[in-house]
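Here is the structure we will look at, set down as structure tokens.
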Amino acid sequence: MHDRLIIFDTTLRDGEQSPGASMTRDEKVRIARALERLKVDVIEAGFPAASPGDFEAVQAVARTIKDSRVCGLARALDRDIDRAGEALKDAQRARIHTFIATSPIHMRHKLQMSPDQVVEYAVKAVKRARQYTDDVEFSPEDAGRSEEDFLCRILEAVIDAGATTLNIPDTVGYAFPEQFGHMIGRLIERIPNSDKAVFSVHCHNDLGLAVANSLAAVLHGARQVECTINGLGERAGNAALEEIVMAVRTRKDIFPCHTDIETREIVACSKLVSSITGFPIQPNKAIVGANAFAHESGIHQDGVLKSRETYEIMSAEDVGWSTNRMVLGKHSGRNAFRTRMQELGIEFASEEELNSVFQRFKVLADKKHEIFDEDLQALITEAGAEAEDERVKLVALRVCSETGEIPHAQVTIKVDNEERTGTSSGGGAVDASLKAIESLLHTDTALTLYSVNNITSGTDAQGEVTVRLEKGGRIVNGQGADTDIVIASAKAYVNAVNKLLAPIQRTHPQVGDV
């Protein structure tokens, strides 16, 4: 018998905790829509109690998503659970995910509570969450370093209290596949009422074993895996959704389960998350990397030409890679533009939004002879960033650069609708431009990353620039794209500055009193 494996995506919550990967409300909604097209079972939209912005983002996702279940994270605190319940009240299907630490070191030093008190708080939290929804997930934080007898005790208690999913996290990425898989199997066997709940795992990648640990758990009875697109997450990241899904699909001889994921949406969703967060996909990344289905060796190439199955264990088309590329240009009409966007999984909320992005497309088409899918994705990302309430806007940029001379840049920006113009010189055109912007803003930030990637091939290709700024412990990424790399750099810098200027008071889910 083949059971269904539930795919729980936490890109919007745990993935966003990657330094610099913060997303706006509208960006989260766009990713949530992509996850829904991917047919993800559960979308963890955020931690509503973290900040007003997080609450609004979870609320917006809950109001938008119709098919996937929308989940909100909450500590085992009444105020957190109530906040999650309020954010999720408009969801078609809601889940509250509550947790408390269960390892001796966490109970003693972080919670300063006895094991009995921890069980009491966990049971109380689950019962309160059940007042808002009949779908409640419970996680014993730092389960990998918890005593197994205590884990059995607290998990049995929360099932009796109404928990329908039990999630076992490897919080610090310390577990090893054989050991972790056997632990899941023992918990299922030892807990008397384990048949009344779905067992789930949430693995971190500190030792590069997140996917392996998750799959080992599936082999021992886990029927939900928590994962993220591209493996995005804190520190070394989380288990990569695309790798979990394709491993289970490809090795049906090993795994006694299946997922309902629409795998042809994987690559599009991966590119969207990468574009929004500014975290590039490494070329040799499994499934979604540019080289994942490339063959350099002559022997391999010869084999693939004769029969793809000789060196390919899965089809590139099955995960969304396509050789059928529709190329648009300046003569392409609005209908062709809309149709291609729909084929890429991009829907517009209104005719006004469609018209706005189409006008950007026409401007780009005047600069480029051919517009590829990657150009369209960049247009959407840029339009989404500028749709927010930005305090700083780039108005004009003029650069003077001659051989043997120091480059100069003149920049005009709007700050809270007040126009400002400044000039600066630098070691190059990009350096001069960014210095000119900084001279008008005085943000006193540190530029810790500057990278350029060509979106497509050709000398008229758009360049996509990612910058990372740090100030006062905050880290943000900014993105910009243009056929002129200097303008793309200025756009990226302004995008990052706007994120820094946005007010934020966020509580980390693993920090705070109980």
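Cβ coordinates are placed from backbone N, Cα and C, and glycine is handled just like the others.
Annotated in Swiss-Prot:
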DOMAIN    5-267  domain 'Pyruvate carboxyltransferase'
BINDING   ASP14, HIS202, HIS204, ASN238  Mn(2+) binding site
REGION    393-514  region 'Regulatory domain'
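Helix first, then strand, then coil: DSSP counts for the region 'Regulatory domain' (393-514) stand at 30 helix, 51 strand, 41 coil. Apart from ASP14, HIS202, HIS204, ASN238, the Mn(2+) site neighbourhood in this chain, defined by C-beta within 8 angstroms of the site C-beta centre, holds THR10, PRO169, CYS203, ASN205, ALA210, GLU226, CYS227, THR228, GLY233, GLU234, GLY237, ALA239. All protein chains included, ASN238 (Mn(2+) binding site) registers 30 other Cβ atoms within 10 Å of its own Cβ.
Of all the binding-site residues listed (HIS202, HIS204), HIS204 has the fewest other CB atoms within 10 A of its CB.
The Cβ of ASP14 (Mn(2+) binding site) lies under 8 Å from the Cβ of GLU44, HIS202, GLU226, THR228, GLY233, GLU234, ASN238, each of these being in the same chain and 6 or more residues away along the sequence. Averaged over the domain 'Pyruvate carboxyltransferase' (5-267), the predicted model has a pLDDT of 96.
In the three-state DSSP classification, ASP14 (Mn(2+) binding site) falls within coil.
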